[in-house]
Each structure stands twice: as C-alpha cells, then as structure tokens.
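Sequence annotations record features per position, and here TrEMBL assigns signal peptide to 1-16. The feature domain 'Ion transport' is assigned by TrEMBL to 4-224. The annotation transmembrane segment is assigned in TrEMBL to 26-44, 65-84, 126-145, 165-182, 194-219.
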Amino acid sequence: IRTVTYFFIFLNLSLAVFEEPAVYPLPFLVTSLVEVLCLLVFFGRLTHFAKVTLRNVFWKDTKNICIMVAILLSLTDLAIYGVLRIYNVSSIRWSRIVRPIFLINFAESRQIRRAFRSIRNTLPEITYVFLLFMFSLLMFSLMALKLFGERNLQTAEGLPYFKNYLEIVFDLYVLVTTANSPDVMMPAFDFSSWYALFFIAFVIVNTYIFMSLFLAVVYNNYKKHLKVRFGEMNCD
C-alpha cells in the first residue's frame, strides 16, 4: 500500500511537467484522466484508513481533513478548467499548489512530515536575519540610486542605468547570487573605476556575511527542532 501510494503521489506531482504550460505537453484528456485516477487512488486510500480507524479519531485528524479538501479542490478546479477549455476561455490550474499536501499528509509520510514541521518551526526564527538582509539590500539600493542615478549612465543595451529604485533592488538582489556579476557593475566601472568599491562592499556584506549568517541560522535552528522531534518520538 505504501509503494502504491508513493507511486501515485509521484505521478500526480509529475503532471506539472506535462500540463500547459508544459515542458513535454500532452493532450488535456490524457493529463486529466491521469489526475482523476490519482485522486481516486487517494480517496480509496483515505477510505481504507477510515475503515481501520475509530470514527472520532479519524475526523479529529487534520491530516485526513487536508487530504479530503485537497481532493475536492482538485476535482473542482479540473471540472472548471475543462468547461472553460470547451468554450476556449483561457485559465490556469490553481489547484496545482495543493498537490504537495498529498505527499505530506498521508500516514506513510511520517518522516517527510517531521522534516516539514521542523522547517515550519524554523521559519519564524530566521525572520529577523531575513529582515536585516532586506534592510541592507534596500539601503545599498538607495545608495546606488544616489551614486549613479544622476550621472546619465547607460547599460550595454542602451537602457538607463540605475534610474528606477525597484529595478535597482532587483539587480542588486540578483547580484547577491553573483548571477549578473560583473555585468551589473560595468557601466559604473567604465565611468570611474572607484565605483567598483561600492559593488565589492555590497558583495562582501550581503553575499559573504549575510548569506553565511542566514545559512548558519537555518542550519542550527533546523537541527535543534529536528532533535526535539526525534526526542519526542523516542519518548513515545
């Protein structure tokens, strides 16, 4: 039963590769039939679980409620999408976001559920580091706007360079990953080589310091919550 459940969970999640917009598109009828088959298997597994569980215990378990709601939402969305498709009305499959619920909430996924709870409990504790990082990013973006915005610089494509604050925030956010380095720096560097110090300082503060700090906080808190979960499991 566990192998069959995992197989259909994987099949349901993999439909995103074949549904529009798709990497390997398949006809809507094929993907919809596969999805209905998966949902029937999930419903059968839930029904089987209900047969071997006390009724009051079954209905008090939020995991079972989540699975039932996800099945209903998926079927409703599939029906609406199919009707709109018949009338050539463009729409999206918004129920795709609920598909991971099946992976997390089935009884066979205890280890995944423990890891998910650890991640969920870690998120509030890394919020402060994330806010500090965003504050640093916004301040560097404001400095870049003041430094380069009034110098009428242009990119290699002939577009205005660092004129719009939100675009600056996005460009510097990408620079944290070094994906646009050193291209994002070159217009300012061509104007004056001293401006390279700004981008060097940005990379040191945000890429090397904040990203390392962020990773350390995530790792330590996740490890702490994981130990607590395993300790509770061993006590049980």
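From the backbone N, Cα and C atoms, a Cβ is placed for every residue, glycine too.
All annotation found in TrEMBL is predicted automatically rather than curated by experts.
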Using a Cβ cut-off under 8 Å, which residues of the same chain at least 6 positions beyond either end of the transmembrane segment (126-145) come close to it?
162-163, 165, 168-169, 172-173, 176, 198, 202, 205-206, 210, 213-214, 217-218, 221
Residues of the same chain, at least six outside the transmembrane segment (165-182), with any C-beta under 8 angstroms of its C-beta?
137-138, 140-142, 144-145, 189, 199, 202-203, 206-207, 211
Would you report the average pLDDT that the model assigns to the domain 'Ion transport' (4-224)?
88
